[in-house]
Amino acid sequence: MNTAYIGRFAPTPSGYLHFGSLVAALASYLDARAVGGRWLLRMEDLDPPREIPGAQDAILRTLETYGFEWDGELVRQSERHAEYAAVIARLLSQGLAYACTCSRKQLEGYAGIYPGFCRNACHPDHDAAIRLRVPELDYHFIDRVQGEFRQHLGREVGDFVIRRRDGLFAYQLAVVLDDAWQGVTDVVRGADLLDSTPRQLYLQELLGLPQPRYLHVPLIIQPDGHKLGKSYRSPPLPADQAGPLLLRALRALGQQPPTELQGAAPAELLSWGRANWDAMRIPRSRTLAEAQLR
């Protein structure tokens, strides 16, 4: 096994896996396995109020039904709260983060860019969100599919939340710490997270953590213009359609499975995918229309 490549799939149990999830899982799986790399599974269960009972078990069953095999033990973010809290305490003590008591109503009209109301205040950090101070700098990276991506953190994002006011830890912090802890070298995920990457680069730099390579695959868009996702009640992956949907996902990723694989079992499709994977064939687009993939 090639330990120089470590990839991962990190679903959230706020719903079941859908076709968009399958495309992301397949891309990350094949990108790792094609070079003999490791593929890890992490459950991003940071938000218990949004978690659907039974979703974690359903996600695991679906991955197994579709032929995915992961390395090592399943990691749950809910088991790593102490690590997140320790880093936040460090950032606060260094003046790199601060407590914010702004309400959603106060922030209406700012287009999601924090205006800095609490930046120079001295609020206690209980009953407050914790925000990370961001520099007035332009961050950029080369995505393996999407190419160069740039974002000015100060103008386009503002100081961002790393712990919510209700005490729940934010995705941006947890994903950076977990990727580093697990030794992830390659992050392959949906293009909806492209905009988050500069924030993660900044956190990696601030904490002295290694920077993985990034590859963002196109999102699958429904006819109404919404992405396939849990928020829009996209249909879960059916157990009896694993072969046809894997074949469709391969094509969505620009791979060219031969016609004789029509009707093939998941194991055969994944074997072909490992042997023939070419990330350069992935469409250089942030979105793909679901209707075009049928």
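A Cβ is built for glycine as well, from the same backbone N, Cα and C atoms used for every other residue.
As the structure is a computational prediction, the values presented were derived from the model and not from experiment.
As stated in Swiss-Prot, the feature motif ''KMSKS' region' covers range 227-231 out of the listed 162-166, 227-231, 232-236.
Note on Swiss-Prot: of 11-21, 99-109, 121-131, 187-197, the range annotated with the feature motif ''HIGH' region' is 11-21. Swiss-Prot names ARG8, PHE9, ALA10, PRO11, THR12, TYR171, ARG189 for binding L-glutamate. Of GLU44, GLU51, GLU136, GLU148, the residue it gives for the same site is GLU44. The highest number of surrounding Cβ atoms within 10 Å, among the binding-site residues PHE9, TYR114, TYR171, is found at PHE9. Counting only same-chain residues 6+ beyond the ends of the motif ''HIGH' region' (11-21), those with a CB under 8 A from a CB of the stretch are 43-47, 50-52, 55-56, 58-59, 62-63, 190, 219-220, 227-230, 234-237, 245, 248-249, 290. Under DSSP, TYR171 (L-glutamate binding site) is assigned to a helix (H, G or I) in the three-state scheme.
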